[in-house]
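Notes for the one structure printed next.
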Amino acid sequence: MAPNLHEVESAPLLLDENNNRNDQRVKPTSPLDAALNGSRKFYGSTNGNSWQKIERYDPLQHRKLDNPTTNLDTLMHILNGNLGTGILAMPDAFKNSGLYLGLFGTMIMGSICTHCMHILVRCARELCSRYQVPSMSFAEVGQNCLECSGLPRLGRLIGFMINSFLVLMQIGFCSVYFLFVAVNIRDFLEYASIQTDVFTVLAGILIPMIALNMIRSLKLLAPTSMVASVLAISGITISFVFLLQDLPRTTTVSAVQSWNTLPLYFGTAMYAIEGIGVLLPLESNMKTPRDFCRWNGVLNTGMAIVVTLYTAIGFYGYLKYGDAAEGSITLNLPSEVFLGQLVRLLMAVAVFASYALQFYVPMSILSPVVRRQFGSRDAQDCVEYTVRIALVLVTFTLAAIIPNLGAFISLVGAVSTSTLALVFPPLIEIVTFWPGRQYGRWNWIFWKDVAIACFGMSGFLIGTSTSVTQIVTNWE
């Protein structure tokens, strides 16, 4: 018996036995039809008489990449994107939460953020299948999920908001990276009896920073990420040498801090989990993308390492230094000891090399916008390089005026990272699977997503107000 008419009209495209595109198509489908059919296999006719089974469009099989990254490359990018200034600020985060609340809170938040990363990739692949495209950006996922639900205008607004938050977040990251590198190099130079100030160091590293960010390919950035990850792990390892020596008893620090400082903990912890912006670019640039989301895949492996290191640095750093913990643990290490200065130098170079990966995200958003304003390839390249230089100068300016590293880190985390990592992904999942209400038994997926989004929005509102208040107080 032939399939019903709706199944025929919903067929996305014909694929041959090797799962390649067939030029003969059935009646065009809409993304809404594809959503209503879920993951069902379709049937179509190529000659009007015979019927054949048609597999749903698989976006992972239609990606054509010039420089795909290996699993190891992607893992290094994940570590490089997360083992930056945020992990070094974790003792300061624990100072605002308390030892045990920070311990369990960081593990829980890390697990939730990793789950939200899986949500985002899953929804991106689902929407790619409906729209028959090989990959989508974060903003395109947000826009298209609403378009599938019949809300195209709202979709365009959400897409713009996601891009705005991504650019804001990554510029904030890059500004903190700039300042971190300058502060630690300044301290190292003072150890070498060279007196200077932070602004002079910022100006000194400006040209090398601009040169590094002329690289446009993730594949070409892979060696830089490898070096940065090795240096960062080496610096963190040496830091543990200091943190684990002469540890005081756990009763010497607060187990749980007051409610007044918890929003600062939330913002700093969310800032530390800073990989959401590079997630989809990394996944879509993989040679074997199916390995990304497996239970033992690249994402889970990378985030397990990251969250473990976050928790350990925060726990032992706060236990060691207590309320004296600085916005970066490197500033607490003894300045008169060579190993302490070596950590500063290693982490400064690692963060410097990591800047280019964080910078990749805003440029991937802004570059198509500015390039399409010009016709010739030479003009497009020229204007893109101009924008790259201008953005580096913006982060340089912000780094020069940041009054307090810890408070600014918390502000960036509360404003951008919480919305991008905890608010948008669950809402996108709700909307993506709204046609057909594919939420599982008792709609548990729906209620789970609502709870995560409310948690993220609460952190955004309370964390932002607390961070702004502290920054204004420090400026005065």
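Cβ from N, Cα, C; glycine included.
Quick look at what TrEMBL annotates:
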DOMAIN    69-467  domain 'Amino acid transporter transmembrane'
REGION    1-31  region 'Disordered'
TRANSMEM  99-121  transmembrane segment
TRANSMEM  157-180  transmembrane segment
TRANSMEM  192-212  transmembrane segment
TRANSMEM  224-244  transmembrane segment
TRANSMEM  264-283  transmembrane segment
TRANSMEM  295-318  transmembrane segment
TRANSMEM  338-361  transmembrane segment
TRANSMEM  382-402  transmembrane segment
TRANSMEM  408-434  transmembrane segment
TRANSMEM  446-472  transmembrane segment
> In the same chain, which residue numbers or ranges, 6 or more beyond the ends of the transmembrane segment (382-402), come under 8 angstroms Cβ to Cβ?
Replying inline: 171-172, 174-179, 182, 199, 202, 206, 209-210, 213-214, 216, 359, 362-363, 366-367, 370-371, 373-374, 408
> Are there three or more C-beta pairs under 8 angstroms joining the transmembrane segment (99-121) and the transmembrane segment (264-283), sequence spacing 6 or more?
Replying inline: yes
>> Can you tell me which recorded stretch out of 157-180, 295-318, 338-361, 446-472 has the most Cβ pairs within less than 8 Å of the transmembrane segment (408-434)?
In response: 446-472
> Taking the transmembrane segment (192-212) as reference, which of 157-180, 224-244, 295-318, 338-361, 446-472 has the most Cβ pairs under 8 angstroms?
Replying inline: 338-361
>> Check for me, if you would, whether the transmembrane segment (224-244) reaches the transmembrane segment (338-361) - at least 3 Cβ pairs under 8 Å, residues 6 or more apart in sequence.
In response: yes
